[in-house]
Amino acid sequence: YHQNRWLERYMSNGNMFKKVYFWSVPVVSTTQTLATWMILLVTCDRFIHVCRPLQANRICTVKNIRRVTIVVMVLAVAYNIPVWHSRVSKEFRYSDGYKITYSSILNAIFRYVGPELAVFVLNILLINDVRKSPAMDINKKKEKEEKRITFTLILIATFFLILVTPCTVAQFIASKLIVASKETKFIFVQFANFLLLCNSSVNFIIYCLTGARFRKVFLSTLRCANRHHNVSHSTSGSTQHTVLKTSTKL
């Protein structure tokens, strides 16, 4: 870097960064929508298992979960079609229908306030049910595992509420539904974006802290990858040594 200053030359190419940012908006919007709805989906799944256990085996089958997951993915893409269209049509991007109706009202209902409120209510019901549930002597191991899963998902939902709620406020500030100065708007929006990034990575940390099986599989995967790398490196070294000996004999 000190010899050729490649970073400064790279940063000076503003058009490239503008294009990347311009087209990254619909991609990020789609993935964030999907992540939000998936949090709501797993919270609903855990609510049914804990609060409606007699119906769980009928409703929460693997087949049904796969179907609902596919539907949620399709809906997340379909919901963000206006964002993709706004990248193509400048007139649509600055229209009141897109800026107010879609970006402010519909996003508040389907991406921010609606899912957050649903997750909050389900979280409260889950916590109350776990606190009230009596200890069972039958199959303690299974009961302990169920409670661990519930505790993990409650943590995920709680962090989701804490980290995503500021983004809801930032959305209202950006759409001018909440009046704020230019400096306050910039600082708060950047802070909300940072929390949103934290929300995207915090689940992995929670799984590592609460899931013994997750840690075991993760470490096993790392060991297998490291072993494969060492074997490949050793094979490559042996091949080079053999070629070198053959060329020396010749």
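Here the Cβ of each residue, glycine as well, is placed from N, Cα and C on the backbone.
All annotation found in TrEMBL is predicted automatically rather than curated by experts.
Sequence annotations record features per position, and here TrEMBL assigns transmembrane segment to 20-44 (among others). Beyond its flanks by at least six residues, the transmembrane segment (20-44) meets 68-69, 72-73, 75-77, 79-80, 83-84, 86-87, 110-111, 115, 118-119, 122-123, 126, 153, 156-157, 160, 164, 196, 199-200 of its own chain at Cβ-Cβ distances under 8 Å.
As annotated by TrEMBL, domain 'G-protein coupled receptors family 1 profile' applies to 33-207. The average pLDDT computed over the domain 'G-protein coupled receptors family 1 profile' (33-207) stands at 83.
Outside the transmembrane segment (65-85) by six or more residues, the chain places 25-26, 29-30, 33-34, 37-38, 41, 45, 92, 98, 102, 110 with a CB less than 8 A from a CB of the stretch. The transmembrane segment annotation in TrEMBL covers 65-85 (among others).
Annotation comment: TrEMBL describes 105-128 (among others) as transmembrane segment. Sequence-distant contacts of the transmembrane segment (105-128) (same chain, six or more residues past either end, CB-CB distance under 8 Å): 32-33, 36-37, 39-40, 43-44, 46-47, 50-51, 79, 150, 153-154, 157-158, 160-161, 164-165, 167-168, 171-172.
Long-range contacts of the transmembrane segment (149-174) within the same chain, counting only residues at least 6 positions beyond its ends with a Cβ under 8 Å from a Cβ of the stretch, are 36, 39, 42-43, 46, 49-50, 103-104, 107-108, 112-113, 116, 119-120, 122-123, 126-127, 130, 180, 184-185, 188-189, 191-193, 195-196, 198-199, 202-203, 206-207, 210-211. Residues annotated as transmembrane segment in TrEMBL: 149-174 (among others).
Under the heading transmembrane segment, TrEMBL lists 186-209 (among others).
Residues or ranges marked as region 'Disordered' by TrEMBL: 230-250.
As annotated by TrEMBL, compositional bias 'Polar residues' applies to 232-250.
When Cβ-Cβ distances below 8 Å are used as the criterion, the transmembrane segment (186-209) is approached by residues 32, 35, 152, 155-156, 159-160, 162-164, 166-167, 169-170, 173-174, 180, 215, 218 of the same chain, each at least six residues removed from its ends.
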